[in-house]
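*Asks:* Quick one: structure below, then a few questions.
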Amino acid sequence: MKVLQEINLTYSILVIADFSSIFGCLLVLIAFKKLKLLRNHITRVIACFCVSSLLKDIISTGLTLSLGPQNEAGSTSFQCYLYAITITYGSLACWLWTLCLAFSIYNLIVKREPEPEKYEKFYHGVCWTIPLICVIVMLAKKTIEPVGNWCWISEKYVGYRFGLFYGPFFAIWIISAVLVGLTSRYTYSVIRNSVSDNKDKHMTYQFKLINYIIVFLLCWVFAIVNRILNGLGYYPTLPNILHTYFSVSHGFFASVTFIYNNPLMWRYWGSKIFLIFAKFGYFVELQRRLDRNKNNNNPSPILNSYAATVYHSSTIESLSLQHNNDISNDNQQQQQQQQTPQQPQQQFQQQQSPTVIEMQNLKQDQNIENNEQNENCYNTIDTNIEINTNKLNDNSFEITQPSNDLNTIENNNNYNNNNNNNNNNSLVIEKEKDEREKKDNKF
């Protein structure tokens, strides 16, 4: 009787997890379809994950309902083979798309890849081919049998379970964790050295970088623990229930994470949900505000974009520091000039020839003009950053190319240095001429 109750409980949890995963993936895919602002490289990777999870969950749900709690499928039936193929192929594909997501984010932020779309064909080749190889090996070795509420690799083939399924899981998760760790380390270094005061929001952004990989681990860690216990001959109830629910509902929790990371998406669905209450007079203002801002590219200190955030944070930081250093240097020069006695300067200017004085005045005019050009470049950079910020989507994950104004400032500085060197050489030549003329006059 206790075993029958456990089977029925596990079956109910399995059905709930299947439907919740289907629901979550549909929410993400519908939002991507409706919101054109979300269509970019990263969202295409997420969409492929959701498609893989959705197809897996639809097929497995149909098989679960048709076989019933007792799993009446025979070990050689078509339904049993289809169930095992669906679980193995669909789960591996979802894991690999998660790895591709981690690599894409790392590639955009740390490596600043200008054309991440060129990797999409490689992603498709890996994510659809590797699961197929594992399925072919599983079928060739005839390892499939009814296992609890579904069909999968028999308990007699523990080596195949870990070699074809949980072994790739460990490899995929470790590589994804390393990529996310490198990305988080890079962004943290930018945030720590940033001049921005919104560090709390920056830490929220930092959490958004790693939450999907945490969900990935939590959803499958119970499955690994349960299978290790099964391999040792133990079949506890609680690990089996946790394994059933979290592994099957991975698509749901991943979809919730994607929606949480993207304000455009939760505004869109929030406006749809509160529209029902607004018809009865509840949450009217909230629904209007969400509907009004669902397509709004709200600029924020973190820009709500993985790649654009890091680029603009580092750019603003470097420009601010450079600009502050220039201002401090100018202030120091002005203070030194004010502290210097004026009478010796006037006497020195009277002793100098008119040509030398004109050259000094020309040098000062050129320095003023060059400073104005640099100031205009800084203003242009600030304007371009503001324009690019307004064009970004919330969590659109698009990267913006660096502005050419940085090169302009560098060229202006090089030009200033060359002019200063030429002016100094001219002053030395003029001084030598004056000294020679004075010596000639003495003789």
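Using N, Cα and C of the backbone, Cβ positions are placed for all residues, glycine too.
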*Asks:* Does Swiss-Prot give R39 and V256 the same topological domain, putting them on the same side of the membrane?
*Replies:* no
*Asks:* Tally of helix, strand and coil residues over the topological domain 'Cytoplasmic' (33-44) according to DSSP?
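*Replies:* The topological domain 'Cytoplasmic' (33-44) comes out at 9 helix, 0 strand, 3 coil.
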*Asks:* Determine how many residues of the topological domain 'Extracellular' (230-263) DSSP places in helix, in strand and in coil.
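*Replies:* Breakdown, helix to coil: 27 helix, 0 strand, 7 coil.
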